[in-house]
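Asks: Quick one: the structure is below, and I'll ask about it shortly.
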């Protein structure tokens with residue numbers, strides 16, 4: 001049985017650019033798919049197709065079991081969308097925004113008001129409920145935007161870069177909210193440029209680049225693909241490098257590296273923590289004094305670089321101010337490109 | 001974020017209720033969006049205030065700067081009162097067409113800020129975002145006309161017909177304004193920035209409103225312009241309003257070229273406006289369905 005979000009062979013071109021070049025997706029009900037990729041990789045386009053905002057040139061998609069192309073209106077009743085921009089009306093109060101969205105989800109005025117009050121409470125916005133959204137901080141706007149996506153507690157949610165431009169504290173707070181949501185059984189497709197975010201929130205990850213899914217699996221599976229664990233040793237004195245190298249060779253599962261200037265040696269290993277203890281004992285026996293030693297697992301960053309040949313994060317990574325100027329500056333520019341492409 | 005945990009687990013997934021019938025939903029959704037836009041107008045009163053200053057300025061400038069030099073056919077030469085009566089319907093009509101820029105800028109701004117994406121992802125009627133916007137603009141235009149009519153009365157404009165006809169004249173003007181806000185909606189959806197929508201919504205209004213019978217009688221224009229002016233939809237509304245206000249000194253409106261709309265200005269005005277709404281509403285809603293910010 002296909003999952004709550006299912007797509008096959010999605011293709012979308014804008015002029016010369018193939019924003020989606022045959023994307024397949026299958027997200028089982030109640031799980032989170034992290035769609036990871038750099039700006040312009042096609043993430044936003046994929047979300048726009050799945051949320052009925054854009055018609056693909058080719059391919060099929062089903063969301064909550066409903067054909068996206070044949071019954072867009074029925075799909076819209078079953079989804080919540082939280083975008084890259086905090087898409088709330090800044091001249092309306094938090095409460096007015098949520099009531100309006102509720103009414104447009106075809107709730108009665110009374111139900112919409114009740115639901116708005118519930119959500120404002122739940123997202124710690126009750127105190128600011130009757131202030132215009134213009135006065136909100138970046139984090140508050142994101143929470144309001146997310147609340148707007150949850151007005152009908154839809155079974156399927158889409159979040160397009162929910163924490164782009166947020167400071168670390170607000171990002172953490174939003175992650176907590178998202179985890180609560182998923183614990184409640186919501187199926188979620190989340191796009192992100194932050195590898196840490198995908199690692200933290202997603203059950204499955206698909207890596208997208210140039211409109212294609214270039215890898216998929218759990219975070220652990222993807223990391224394993226990049227070549228497993230390594231032991232890194234920093235010796236105290238340069239003259240110990242040779243002996244340390246000799247010792248490490250006996251444990252290595254492949255070619256190691258030596259960086260004389262940092263006095264660092266790295267070898268690929270298999271065997272985990274137990275092996276690390278043996279390495280330490282052996283180095284100690286041979287009289288090698290060490291400053292640092294550790295077992296390193298590959299990060300998703302390593303995965304990304306090995307898959308695409310470039311890093312995921314781009315210039316707007318530095319943009320952490322989280323509100324107005326971010327959207328108007330580089331953040332706005334890049335997300336705009338993603339939209340058009 | 002502690003409040004979240006209690007609510008999240010216990011909540012059941014409910015889809016939004018099934019939509020009611022097409023028309024009922026359209027009307028209700030449009031009113032929800034119109035209310036949103038009216039709240040915005042109250043919170044950004046500058047927009048409404050600047051919208052008022054321009055027509056008031058035009059009334060004063062035209063009346064006192066041009067008024068003494070323009071001769072109205074059938075009126076005594078240099079009769080300032082005759083020009084004032086002639087002018088007002090033109091200024092009123094020009095004012096309602098400025099709703100185009102408002103609708104365009106508003107919708108372009110909503111696109112830019114991602115609100116259109118939000119609306120398009122909701123199970124709401126497809127035309128409601130635009131209809132709601134144009135309805136809100138209609139309310140603003142009506143308020144502007146009330147203020148402008150008071151200013152006009154203060155500087156000596158008078159109507160010479162019964163109240164029903166006068167109200168009919170204003171209705172004709174509002175219908176034109178409503179029609180033009182649909183042109184603005186299409187412009188707003190077609191440009192990349194709110195700034196472009198404002199200028200794109202305004203520049204073409206100047207030739208449209210000046211090559212007409214609004215500010216000067218067409219008999220002073222070259223023959224080819226006379227034809228354009230008299231077939232101009234804008235002229236039909238001006239002439240229609242003049243007729244309903246009784247501002248027809250010496251038998252004006254009267255066609256110079258024999259154009260049909262000038263002979264039947266009220267009917268022609270209604271027909272033009274309905275035609276504009278039909279065409280531009282269709283185009284704008286189609287554009288909205290595929291709009292990408």
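Every residue gets a Cβ built from N, Cα and C, even glycine.
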Asks: Which residue range, B:6-28, B:167-189, is the one TrEMBL calls transmembrane segment?
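Replies: It is B:167-189 that TrEMBL annotates as transmembrane segment.
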Asks: Transmembrane segment per TrEMBL: which of the ranges B:247-265, B:266-284 is that?
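Replies: Per TrEMBL, the stretch marked transmembrane segment is B:266-284.
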Asks: Return the stretch with the most CB pairs under 8 A relative to the transmembrane segment (B:86-108), choosing among B:47-66, B:129-155, B:167-189, B:266-284.
Replies: B:167-189
